[in-house]
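Marked as ATP binding site by Swiss-Prot: Lys15, Thr174, Asp175, Thr216, Gly217, Gly218, Met219, Ala220, Thr221, Lys222. Residues or ranges marked as substrate binding site by Swiss-Prot: Ser55, Asp142, Asn154. Annotation comment: Swiss-Prot describes 281-359 as domain 'PUA'.
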Amino acid sequence: MRKELLKKVKRVVVKIGSGVLTGENGGVDPRFLDGLAAQVAELSGQGTEVVIVSSGAVAAGRQALGLPDRPRTLPQKQAAAAVGQSRLMRAYEEAFSSYDLKVAQILLTRDDLANRRRFQNARGTLDTLLACGIIPVINENDTVVVDELKFGDNDNLSALVTNLVEAQLLLIMTDIDGLYTADPRTDPNATLIHQVGAVTRELERGAGGSGTSVGTGGMATKLAAAKKVVKSGVAAIIFAGRGERTLSRVMKGELLGTLFLPAGESLNRRKHWIAFTIKPAGSIVVDAGARDVLSRHGRSLLPSGIAQVEGRFDRGACVRVLDPEGVEFARGITDYSSQEVEKIRGHQSSEIEGILGFRYGDDVIHRDNLVLL
């Protein structure tokens, strides 16, 4: 199955973590980049388009600034990123030029993808670069981004970029062999999981947390990234990037890492954008009856099923939909503001106009704007 799936891949996103990209001194490892460039050149020669999502700017800047530890404050991180980004791209240019490949730097913030027009512009730029045979190297714009516009980590960014460029595969190169049944660093009985059909809550709970001393993402963020892409019908593989030609071997179908199979029913591009790209502005808590109707029958969310409103949001905002236990199970675009929802919650749709003095529609969230997670 793995080989057959990979034969169909014509465009792939490769995410490279700081723990893979950096050497023992904390700076960018030129030998790794040379090996990566050779493998990307091989894939390009076979007709596969490659988009790289690369960490490493902060790590490169930290080395240049002589910082002993990973920067902790936002100004320190932004200063390190400002110094390190040019060094990172210079290292990519030097490595890839040896194989007659050109690279292009793309810096993104979450707002670039949350805004639909800027999303389309970014996609157009990337499509043009790929058509010209240029390898895009994408990173978060750490020098200017603030917390509310952050992707969170480059694992999440790589999942959103996969949707942005309509790639058929996401490859996450990390410093561990893949997803294990338990943390292999602490449990000698942990075994590698070669294939995952569905990302369950049990898998998410067992994924653990923190990243390395040079990166921000642990296995939990990689699992979350895989979950995002499989919901749009795209496969993902998490594998160790430091092995011998592992990128080429994975693309040839060798049994390395953990393969996440695409979901049977995939989200369309718009619903994927709603579910994973827009940052939620608030939450709506529904009762058990509404949860069942939404989950099992794919209906719209009516005001009668709403128990509580959390946060302040305007009409047209993305909101989380929580069950009575506070567990998020859906996201959607609301047709009413938080103040309006607060007034009409628990009431029938026929009462909306009498309460508010106007009526946008019967639904607080229409089913076309609602995504089950």
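Quick reminder: no glycine exception, Cβ is built from N, Cα and C everywhere.
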Fill in the blank from the handout: Across the binding-site residues (Asp142, Asp175), the Cβ with the fewest other Cβ atoms inside 10 Å is that of Asp175
Exercise for the section: Could you state the whole-number distance in Å separating the C-alpha atoms of Asp175 (ATP binding site) and Asn154 (substrate binding site)? Expected result: 15
Exercise for the section: Whole-number Å only: compute the distance from the Cα of Ser55 (substrate binding site) to the Cα of Lys15 (ATP binding site). Expected result: 8
Fill in the blank from the handout: Widest Cα pair spacing in Å over the listed substrate contacts Ser55, Asp142, Asn154 is 11
Fill in the blank from the handout: The DSSP breakdown of the domain 'PUA' (281-359) into helix, strand and coil residues is 28 helix, 22 strand, 29 coil
Completion exercise
Within 10 angstroms of the C-beta of Thr221 (ATP binding site), the count of other C-beta atoms across all shown chains comes to 24
Completion exercise
Rounded Cα distance, in Å, between Asp142 (substrate binding site) and Lys15 (ATP binding site) is 17
Fill in the blank from the handout: Reduced DSSP state (H/G/I helix, E/B strand, rest coil) at Ser55 (substrate binding site) is coil
Fill in the blank from the handout: Cβ neighbour count (10 Å, all chains) around Met219 (ATP binding site) is 24
